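Here's what TrEMBL has on this protein:
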TRANSMEM  15-35  transmembrane segment
TRANSMEM  47-65  transmembrane segment
TRANSMEM  86-108  transmembrane segment
TRANSMEM  120-141  transmembrane segment
TRANSMEM  153-171  transmembrane segment
TRANSMEM  177-196  transmembrane segment
TRANSMEM  304-325  transmembrane segment
TRANSMEM  337-361  transmembrane segment
TRANSMEM  368-385  transmembrane segment
TRANSMEM  397-417  transmembrane segment
Amino acid sequence: MNVFKNRSDYFKNSVTLFSGIVIAQGVQVLLFLILPRLYGPEDFGCLALLFSAVSILSVVSTSRYEFAILLPRRQNTAFNVVKVTLINSFMVNIILTLTFIIFSKPIIKLFNFQILGNWYYLLPLVVIINTFSVVFTNWFNRNKQYKLISTNKIAENAIFGGVAIVFGFLHQPLGLVLGKIIGLLSGVLIYFFKLVKTGDIAYFKKDNNKRILKSTAIRYIKFPKFTLVAGLFNTGALETPSFLINSFFGHSVLGLFGFAKQISTVPMGIITKSLGTVFNEQAAKDYAEKGNCEQVFLKTLKALAGISFVPFLIFYFLAPDFFAFTFGEKWRQAGEFASILTPMYFFQFISSPLSATFSIAEKQEVDLVFQFSLFFGVLASMYLGGKIGQIETALSLYAAVFTIYYLGLLAYSYKYAKGIAALKKSNVSSKLGTAS
């Protein structure tokens, strides 16, 4: 009976998140029908550049402790991880703020941040807001508040769109950036009010002894020790192309690339964010109770592969015409970029939600090797394409590197999903093979 109940809960949670994220992505789709006609590629380039920087700095800000929020059995311990993450974030952002002020000129010149204007100085503040969003999302994910997470995402997108549209009609080019920041902040406030309403805010007053917090930080030290570095390499691999494209090809081409990424990931976001979030929670639970999460891994893998192959195949051939017809002829090149990147996005769609098994099985050191290889592969491919002077070549090399990475990630994710017993058996077989 428990097995059927667990399956029923898993399905129910998936449907709850799926429904909310479909609405959130639906709002985003509607915005993409409007915003490209109010803003140009250079405006989208500014947005992509700013939030590429935020993504990388947010990894440093949390030190990846947010992934440990799901793991403790006791609520007190889990919220101690929340506090450790936020304390770490404030300390890091004090250093970031001082660094950005003192070394502003060389940083702006090195990363070609001139287009950001005064938004450059607000980067640490946006990183803090993003950190709160990530941490609270993981806390409510732990507590199975899937409806809240979905509602939050809908509100973020709606507020972003409302602000961006108003400023777009007023011909204010930075409306995209302002809308994104206000939307993100609104999401954090929604989470905060929910903490107050549920009484979870009281956890901030408990176990504030330095010894307890230090003990919590040490207990999950693998996350900053291995996952932080792995996260920097992974996020760097995802976001470094924005900096290199900006340097080699300019803000407008970056805007086309960023827009292609956003449109291409809408169908991915609808599915992977719902199944991925629920998979993370269910897999962590199964691994703690049974020593493996193979069943839910295979179930999620089949679902992801089954629903994605045909849509991605169609998108590969029709992307340029689709972009030109839907968003205007000036966005056709973005469709060409999207077509080049489609194989990469297909394998990302399948493998990324399942890669949580690395954290669940505490194999952060192996993940580090993957991310290290990916980062330098992407860096080399984009730099080579930039030197050649052809954005299409750069993106083709970039997509090839990522495709190989996702296939390897999927294979190792399944290996760890099979659990402790399977790993021991594999190690024994390996030793016997060596001995013979």
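Each residue, glycine too, has its Cβ placed from N, Cα and C.
Where the annotation comes from TrEMBL, it is an automatic prediction and has not been curated.
Within its own chain, the transmembrane segment (120-141) has Cβ neighbours under 8 Å at 50, 53-54, 57-58, 61-62, 66-67, 69-70, 78-79, 82, 85-86, 89-90, 93, 96-97, 100-101, 104, 108, 113, 148-149, 152, 181, 184-185, 187-188, 191-192, 194-195, 200, 277, 280-281, counting only residues six or more beyond its boundaries. Within its own chain, the transmembrane segment (397-417) has Cβ neighbours under 8 Å at 237, 241, 283, 292-294, 297-298, 301, 340-341, 343-344, 347-348, 350-352, 354-355, 357-358, 360-361, 363, 366, 370, 373-374, 377-378, 381-382, 384-385, 423, 426, counting only residues six or more beyond its boundaries. Touching of the transmembrane segment (86-108) and the transmembrane segment (153-171) is ruled out by the presence of fewer than three CB pairs under 8 A, sequence neighbours closer than 6 excluded. Within the chain carrying the transmembrane segment (47-65), a Cβ under 8 angstroms from the stretch's Cβ atoms is held by residues 81, 84-85, 88-89, 92-93, 96, 111, 113, 115-116, 119, 123-124, 126-128, 130-131, 134-135, 176-177, 180, 217, 220, 223-224, 227-228, 230-232, 235-236, 238-239, 242-243, 246, 251, 254-255, 257-258, 261, all 6 or more beyond its ends.
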